[in-house]
């Protein structure tokens, strides 16, 4: 039988990454003495809202990413359980859990990438704007922590309504004096993923072979798929254009209604968020030609924020691509999108400036 001191040492090592105590509580069992090591040359990533419907599968998929060396999982509830579960996966990222606002700063210190899926999900009959009053406050609090503890991190905002929460984050960072537009990105990848899937169905192709630019925002008519720019080059009938545009714009509602009160688009959102996070990490690594759609501070239109193709690099957004040639259908859709988007942006700005 092993001495009780050895048993206690092993227990302490396991506990250290589930709910990291202060160094003064750890004695000789400081984190650097734990045997588990992260991937060499990898990045430190935090998921804020890791115990939620999006956060759990997102955290699991990030644990599988070889570019992640350290993965911090934060939530106000259930973070230790999610952390324990995911930490058993035999991939190289070291996982640590953080519970409650008192541990938020520890969760954020030293992070390279922060992903924010925190907030309440949509339910049947709710729009993304219905979520505003709850999620706006959550995003504000989390971004205040980011400004203090990891102001140079790339920030990926998933919390809805993204059209408003990204401007909220920007205003928080401006107040703190840490705002760098290149490092703040609203995740609209799910719109692209859906567009690729739905267009592939119509064309009879593998979705992995399809690339549909989706611009504007991340809600209803602000989601504008540019079907005239689909790759491989394709033509659609007016009926197909109407069908595809409507389905892409209302894909979230399709899932909410199908789940009948049991949730929103959590799994496909987590997949999309990880796909986008991986692009950000490859950009941070210095890979060339990393281009994805994202909702960012932009001069593509007269609006202060807009989603379009961007090139990702070591500093975040290194280049914002122009919209390119639009057909009449898309030009009409663009005007509708901008009108709706302007109100959502102002709503976010006003929330902080009020």
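Note that Cβ sites are derived from N, Cα and C of the backbone, with glycine treated the same way.
Automated prediction, rather than curation, is the source of TrEMBL annotations.
For 218, the entry in TrEMBL reads active site, proton acceptor. Residues or ranges marked as NAD(+) binding site in TrEMBL: 49, 50, 51, 52, 53, 54, 55, 75, 135, 158, 159, 160, 269. The annotation substrate binding site is assigned in TrEMBL to 122, 128, 160, 194. Feature annotation from TrEMBL assigns domain 'Lactate/malate dehydrogenase N-terminal' to 44-186. Residues or ranges marked as domain 'Lactate/malate dehydrogenase C-terminal' in TrEMBL: 188-351.
For the domain 'Lactate/malate dehydrogenase N-terminal' (44-186), DSSP puts the residue distribution at 66 helix, 30 strand, 47 coil. Taking the residue listed as 'active site, proton acceptor' as the reference point, the binding-site residues whose C-alpha atoms are within 10 Å of its C-alpha, out of 53, 122, 160, 194, 269, are 160. The separation of residue 194 (substrate binding site) from residue 269 (NAD(+) binding site), Cα to Cα, is 10 Å. Cα distances from residue 194 (substrate binding site) to the binding-site residues 51, 53, 135 are smallest for 53. Max Cα-Cα distance over the annotated NAD(+) binders (49, 50, 51, 52, 53, 54, 55, 75, 135, 158, 159, 160, 269) is 18 Å. Here the binding-site residues are 49, 55, and the one with the most other Cβ atoms within 10 Å of its Cβ is 55. Residue 122 (substrate binding site) sits 16 Å from residue 51 (NAD(+) binding site), taking the C-alpha atoms as the reference points.
A sphere of 10 angstroms centred on the C-beta of residue 51 (NAD(+) binding site) encloses 22 other C-beta atoms. Calculated from their C-alpha atoms, the gap between residue 53 (NAD(+) binding site) and residue 160 (substrate binding site) amounts to 13 Å.
Sequence-distant contacts (6 or more apart, same chain, Cβ under 8 Å) of residue 135 (NAD(+) binding site) comprise 118, 119, 120, 159, 160, 161, 165. The local packing around residue 53 (NAD(+) binding site), expressed as other Cβ atoms within 10 Å of its Cβ over all shown chains, amounts to 19.
Of all the recorded positions listed (122, 194, 218), 122 has the fewest other CB atoms within 10 A of its CB. Ranked by how many other Cβ atoms sit within 10 Å of their Cβ, the binding-site residues 159, 160, 269 place 269 at the bottom.
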